[in-house]
Amino acid sequence: MIWHVQNENFILDSTRIFMKAFHLLLFDGSFIFPECILIFGLILLLMIDSTSDQKDIPWLYFISSTSFVMSITALLFRWREEPMISFSGNFQTNNFNEIFQFLILLCSTLCIPLSVEYIECTEMAITEFLLFVLTATLGGMFLCGANDLITIFVAPECFSLCSYLLSGYTKKDVRSNEATMKYLLMGGASSSTLVHGFSWLYGSSGGEIELQEIVNGLINTQMYNSPGISIALIFITVGIGFKLSLAPSHQWTPDVYQGSPTPVVAFLSVTSKVAASALATRIFDIPFYFSSNEWHLLLEILAILSMILGNLIAITQTSMKRMLAYSSIGQIGYVIIGIIVGDSNGGYASMITYMLFYISMNLGTFACIILFGLRTGTDNIRDYAGLYTKDPFLALSLALCLLSLGGLPPLAGFFGKLHLFWCGWRAGLYFLVSIGLLTSVLSIYYYLKIIKLLMTGRNQEITPHVRNYRISPLRSTNSIELSMIVCVIASTIPGISMNPIIAIAQDSPF
């Protein structure tokens, strides 16, 4: 009899939960329509994988790419709609969040063609790879719109778990396994640190979890200047610093970059930065509104450390991927300037603009590295010597992307940094901007050092890898080369006409 009553209660509770979930999805589902498209793409991939013995690989790529393109289209159709909070306060939709979602989708869309030939050559499992990329993208998109502490914790964990699996995708490679273990252990530690900071916020605000309600709760409890908020700020900054690869939480980055498959590195190098930047912008600007001076100081210190250490250590690297890892640590230091400046002086607009350019510059560079690695089997910087004599197109593409990363005019990277530094200067961040300018000049040195190697024509300096290099045909249908062309064009032309991009970014108030 007791068992029968308990069983009935369980059925009633389950029915209530199901009906509540159905009600939320029915009335609030339109707010996550772009995310639903990706979920539908995931289901299709799983169905094809479970029902087909001979997997039609082109269809798998087509479904993944189409899901991303359709999701981008849904975002564009929703542009300029009124900001809305849905799912009982868990999710917020506005133009600012949608720009970051667009950037994540753009990264994923460009990374799919970069992976095709690499996966075919290395005989990696294609379905699982695409599933992890789609799921990581989904986690990043939910993070951009997250409006409460639970969603802010769960969404990046979804992204992180897929990142761990992707970084260790080549299971027979010892370096890949080592990178995965380091990434997993340090990622777990950073997540614990982050959630500990959230617990201090939750307690100090009187039990609130929504971002804006936390601010109201801190006012009601008079805890907005308490030691508890300072503790929360320190722990959350450390956790976000890991996600952004900010010094001194950057140690995992070079090992993961070197040990992971190159298309995975290309994907993680941009999507993780975009998603973590969206998280940092929201978490610092809303719950820590009353502690702006404190978190400004913390981020300034971390940005200075990242710009100096990242660019100094990059000079000494012999691996191209490790060099780009340290370069990315320096690059995120520049992005932090926009976060510190905030919305009042155009800081967020300059950050978004530079992030868009960074996506094209970085993915273009990785496309060149993937092509060179597939044709030579090496990642050593010295082995790029004389590449121009064998493949001028690849050498020029790599040179343009590196020069844009360094910030040389008239490329996109120069105008992106110029606008970012100008906004910082107007906001009074003179020392931070000065460090940014000096480290940008320093970064040009190691980029030019690589370009000098590319263009060398002396036979004694050309390595056997380049001498035996497979020259690609003039007309190539290689998907990596197509992505590379798109990224190279995006790294050069937008710098000349970037006003529309800045206008769109400024039209998305926080």
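Yeah, the Cβs are placed from backbone N, Cα and C, and that goes for glycine too.
Taken from Swiss-Prot, the feature transmembrane segment applies to 24-44 (among others), supported by sequence analysis.
Residues 33-35, 37-38, 40-41, 44-45, 48, 98, 101-102, 105-106, 108-109, 112-113, 116, 126-127, 130, 133-134, 137, 141 of the same chain, all 6+ positions outside the transmembrane segment (57-77), place their C-beta atoms under 8 angstroms from a C-beta of that stretch. Summarising the annotation, Swiss-Prot assigns transmembrane segment to 57-77 (among others).
Taken from Swiss-Prot, the feature transmembrane segment applies to 99-119 (among others), supported by sequence analysis. Sequence-distant contacts of the transmembrane segment (99-119) (same chain, six or more residues past either end, CB-CB distance under 8 Å): 34, 61, 64-65, 68-69, 71-72, 75-76, 126, 129-130, 133-134, 137, 140-141, 144-145, 261-263, 266-267, 270-271, 274-275, 277-278, 352, 355-356, 359, 363, 366-367, 370, 374, 478-480, 482-483, 486-487, 504-505, 508.
Positions annotated as transmembrane segment by Swiss-Prot: 124-144 (among others). Proximity of distant same-chain residues to the transmembrane segment (124-144), defined by a Cβ-Cβ separation under 8 Å and at least 6 residues beyond the stretch ends, is recorded for 32, 34-35, 38-39, 41-42, 45-46, 48-49, 55, 57, 60-61, 64, 67-68, 71, 91, 97-98, 100-101, 104-105, 108, 111-112, 115, 118, 151-152, 154-160, 162-163, 165-166, 169-170, 261, 267, 271, 274-275, 278-279.
Annotation source Swiss-Prot lists transmembrane segment at 149-169 (among others), citing sequence analysis.
Annotated transmembrane segment per Swiss-Prot: 183-203 (among others), in sequence order, evidence recorded as sequence analysis. Same-chain residues lying 6 or more positions outside the transmembrane segment (183-203) and placing a CB less than 8 Å from one of its CB atoms are 149, 152-153, 156-157, 160, 163-164, 167, 209, 214, 228-229, 231-243, 249, 251-252, 255-256, 287.
Same-chain neighbours of the transmembrane segment (227-247): 156, 186-187, 189-191, 193-198, 200-201, 203-204, 218, 253, 272-273, 275-277, 279-280, 283, 288, 290-291, 294-295, 298-299, 302-303, 305-306, 309-310, 328-329, 332-333, 336, counting only residues six or more beyond its ends whose CB sits under 8 Å from a CB of the stretch. The feature transmembrane segment is assigned by Swiss-Prot to 227-247 (among others), with sequence analysis given as support.
If you look up Swiss-Prot, you'll see 295-315 (among others) marked as transmembrane segment, on the strength of sequence analysis.
Residues or ranges marked as transmembrane segment by Swiss-Prot on the basis of sequence analysis: 354-374 (among others).
Per Swiss-Prot, transmembrane segment is recorded for 395-415 (among others), and the stated evidence type is sequence analysis.
Counting only same-chain residues 6+ beyond the ends of the transmembrane segment (428-448), those with a CB under 8 A from a CB of the stretch are 300, 303-304, 307-308, 310-312, 314-315, 317, 323, 327, 330, 333-334, 337, 340-341, 402-403, 405-408, 417, 420-421. Residues or ranges marked as transmembrane segment by Swiss-Prot: 428-448 (among others).
Feature annotation from Swiss-Prot assigns transmembrane segment to 484-504 (among others); the stated evidence is sequence analysis.
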| query | Among the recorded stretches 149-169, 295-315, 395-415, which has the greatest number of Cβ pairs closer than 8 Å to the transmembrane segment (484-504)? | reply | 395-415
| Positions whose Cβ lies under 8 angstroms from the transmembrane segment (395-415), at least six residues beyond its ends | 327, 331, 357-358, 360-362, 364-365, 367-369, 372, 384, 387-388, 440, 443-444, 447-448, 450-451, 454-455, 484-485, 487-488, 490-496, 498
